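Asks: If you scroll down you'll find the structure; I have some questions about it.
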């Protein structure tokens with residue numbers, strides 16, 4: 001359990017204390033990853049099924065590594081090699097896999113609400129690895145973990161999230177978690193990519209990139225979610241990059257020297273980020289990737305039966 005939660009589906013449901021429970025445990029998990037032998041027996045005898053209906057590099061790989069470092073058995077499932085191609089429904093797929101007695105199902109799906117639907121039909125814990133444009137809770141947690149590492153705290157910090165806010169599940173999870181940890185969040189992007197009423201979640205909205213990033217402690221850059229967009233919402237990627245992309249010149253003129261730059265990946269280089277910025281000294285993008293393993297270890301540990309008060313196995 002994470003606090004009172006059997007599942008990790010939406011950070012909107014998590015309290016500040018429950019978010020901190022995961023982040024604090026992830027500190028110990030990251031220490032395990034620094035060892036020469038990256039293996040602890042914490043989840044020996046447990047099993048994790050990664051149920052991915054969408055493509056993934058970082059999330060799927062890090063959940064698999066997280067499970068294996070904790071000594072859990074990990075099964076990677078792909079829709080293209082399953083009975084989904086024969087017409088099997090999501091619920092039937094999940095119930096059949098759950099009949100094999102896994103402890104955790106990690107699911108990524110193009111439909112918002114898919115992980116919750118699965119959770120209503122299985123007895124094991126369910127982790128959302130991203131569902132449509134709804135949420136991506138583990139990404140929100142690892143972004144906050146990275147910011148705590150780099151900034152010390154999120155309390156009172158200003159975070160700018162720039163890009164396709166309307167179609168980004170990362171933006172929503174980041175917004176929920178960051179505001180609960182005391183950050184001031186600015187959202188920025190084309191007006192056609194800012195959802196109406198988003199200010200009700202505690203953010204302020206800027207349509208000009210400079211207004212959003214000047215004075216910020218961190219900037220989270222997001223790609224355009226082409227796979228979720230029907231009719232074009234922007235004139236083109238060149239125009240988008242000119243107005244909302246971050247290049248070396250803009251970064252030098254507008255960003256504080258100590259400002260850090262995040263991106264959940266994959267990066268569309270030359271669109272939302274220039275290569276010089278993505279690979280530059282202010283970028284913490286690879287730190288995010290590394291921290292993703294530690295945070296997902298913490299999530300699996302807590303949901304598969306670990307107790308944060310008895311985390312000695314992970315620390316031993």
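Including glycine, each Cβ sits where the backbone N, Cα and C put it.
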Asks: Where Swiss-Prot shows 58, 59, 136, 139, 265, 266 binding carbamoyl phosphate, which of 35, 108, 238 is named for the same site?
Replies: 108
Asks: Can you tell me the CA-to-CA distance separating residue 58 (carbamoyl phosphate binding site) and residue 169 (L-aspartate binding site), as a whole number of Å?
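Replies: Computed Cα spacing between residue 58 (carbamoyl phosphate binding site) and residue 169 (L-aspartate binding site) is 15 Å.
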Asks: Select the closest residue to residue 139 (carbamoyl phosphate binding site) from the following binding-site residues, measuring between CA atoms: 86, 169, 223.
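Replies: Nearest by Cα distance to residue 139 (carbamoyl phosphate binding site): 169.
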Asks: Relative to the Cα of residue 223 (L-aspartate binding site), which of the binding-site residues 59, 108, 136, 265, 266 have a Cα no more than 10 Å away?
Replies: 265, 266
Asks: Measuring Cα to Cα, how many angstrom lie between residue 108 (carbamoyl phosphate binding site) and residue 169 (L-aspartate binding site)?
Replies: 11
Asks: For the carbamoyl phosphate binding site, please report the maximum Cα-Cα distance among 58, 59, 108, 136, 139, 265, 266 in Å.
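Replies: That value is 16 Å for the farthest Cα pair.
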Asks: Quick one: pull the CA-CA distance for residue 266 (carbamoyl phosphate binding site) versus residue 169 (L-aspartate binding site), whole Å only.
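Replies: Rounded to the nearest whole number, the Cα-Cα distance is 14 Å.
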